[in-house]
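The feature region 'Disordered' is assigned by TrEMBL to 1-43. Positions annotated as compositional bias 'Polar residues' by TrEMBL: 1-13. Taken from TrEMBL, the feature iminosuccinate binding site covers HIS66, SER83, TYR162, MET163, ASN164, SER183, HIS285, PRO286, GLU287, THR302. If you look up TrEMBL, you'll see CYS130, CYS259, CYS349 marked as [4Fe-4S] cluster binding site.
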Amino acid sequence: MPSVSATTQSSPKPLSLLVLGQGNDPHSERGVECPGDLPAPSDPGLVARARAAKEALGDKVFVLGHHYQRNEVIEFADVTGDSFKLAKEAAARPDAPWIVFCGVHFMAESADILTNDEQTVVLPDLAAGCSMADMAALHQVEDCWDDLVEAGVADVTVPVTYMNSSAAIKAFTGRHGGTICTSSNARTALTWAFDEKGGVESEGKVLFLPDQHLGRNTWARDLGRDLDDCVVWDPHQPMGGLTPQQIRDARMILWRGHCSVHGRFSVDAVETARREIPGVRVIVHPECRNEVVSIADEVGSTEKIIKTVAAAPPGTKWVVGTELNLVQRLGQMFPEQEISFLEKNVCYCSTMNRIDLPHLVWALESLVEGRVVNPIVVDPEVAHWAKVALDQMLALPGETSKD
Ligand code: SF4
């Protein structure tokens, strides 16, 4: 593997607020500076430059584009999808030495974990982090586990960690016998985790990281269980802000994390859409809050949203609660349907949008010149345990493919 400058390591480090684009904190997902001599965004030749660089690199480069990326970037993607699908696509191209990941940092980490040692994953802008992944730092999660030990419940608790997490948190999950999940297999993952401790009717618990909403929605909506069985673990409070009794009584210990995009969709927006668009169907992502998810017509991962809309008859009216780039693309892909964005007060995912054409051109042209910029390399020990948790997900019943 070529020499690298960006590493992900497991050493605990207290996190202070770090504004995107300032400072350098390789221990966390949050934004870091992106050095480099970028082309000007106004350069009218950017599309031609990207095309020429990609052509020059040929099969040596494989460009992955997450569904939430801008169109100007998606245009150059060899494959599009969500995070796990893209990581698997990268692993399925072992002959491509360079994987350019147009997505956010935790996704590039997963791709590095799942690809071989001869492949290097490049993130065109190192400031493309994820606010949700940032909400669970390794030292916080380890402190939480120590508290669960103290409360006498760690041995009946299984960590289930959403794909949208740093490699360090995935590794924690692997070390503690848990599994990773995606938004499409969270139900299967939860069922497996409870089965590990005697079944969902037993005294077993799940520590769900880092998205409280996906955990709560899966428990209540998919498994039909009681919301009162959930508690929220606040990493900024002693003992998570809970009493030992609350911890012992809980079945789902939900980490206090959320997506800064999906967490903003509101009940009011759903009601407004239903009032203003007669016959509209509401489809939202399970990272949305439970009160929104519980009144939606359909709930699903990005892949499910795309498939559901694609299968609908012409003239179907939708309001969609997920990232705006994808909703706009759905409108372009299915002009025979009427597709609207759910919430006028929600904007693009700011970190996904860090990847733009200038950064992509810079990354590709650098590779043409033989320079690997912004490589993402996970510490081998972290990668090992993260892969244990990812492999556990692959071994879940019925899990032959995920999005
Ligand atoms: S949409 Fe939400 S979960 Fe996805 S990268 Fe952006 S902040 Fe993270």
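The backbone N, Cα and C atoms fix where each Cβ goes, glycine too.
Taking the features listed in TrEMBL, we show where each one sits on the structure.
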residue : record                        : contacts (Cβ under 8 Å, 6+ apart)
HIS66   : iminosuccinate binding site   : THR80, GLY81, ASP82, SER83, LEU86, CYS102, GLY103, VAL104, MET107, MET352
TYR162  : iminosuccinate binding site   : MET132, ILE180, CYS181, THR182, SER183, ALA186, PHE208, LEU209, PRO210, ASP211, LEU214, GLY215
ASN164  : iminosuccinate binding site   : SER83, PHE106, CYS130, MET132, ALA133, PRO210, ASP211, CYS259
HIS285  : iminosuccinate binding site   : SER183, HIS262, VAL299, GLY300, SER301, THR302, ILE305, GLY321, THR322
GLU287  : iminosuccinate binding site   : MET132, SER183, ASP211, HIS213, LEU214, HIS258, CYS259, VAL261, HIS262, GLY263
CYS349  : [4Fe-4S] cluster binding site : TYR68, SER260, VAL261, GLU323, ASN325
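Among the binding-site residues HIS66, TYR162, CYS259, HIS285, CYS349, the ones whose Cβ sits under 6 Å from an atom of ligand 1 are, in sequence order, CYS259, CYS349. Taking the Cβ of CYS259 ([4Fe-4S] cluster binding site) as centre and 10 Å as the limit, one finds 25 other Cβ atoms among all the protein chains shown.
Neighbours of CYS130 ([4Fe-4S] cluster binding site), defined as other CB atoms within 10 A of its CB across all chains, total 25. In sequence order, TYR68, VAL104, SER131, MET132, ASN164, SER260, VAL261, HIS262, GLU323, THR351, MET352 are the same-chain residues whose CB sits within 8 A of the CB centroid of CYS130, CYS259, CYS349, the residues recorded for [4Fe-4S] cluster being left out.
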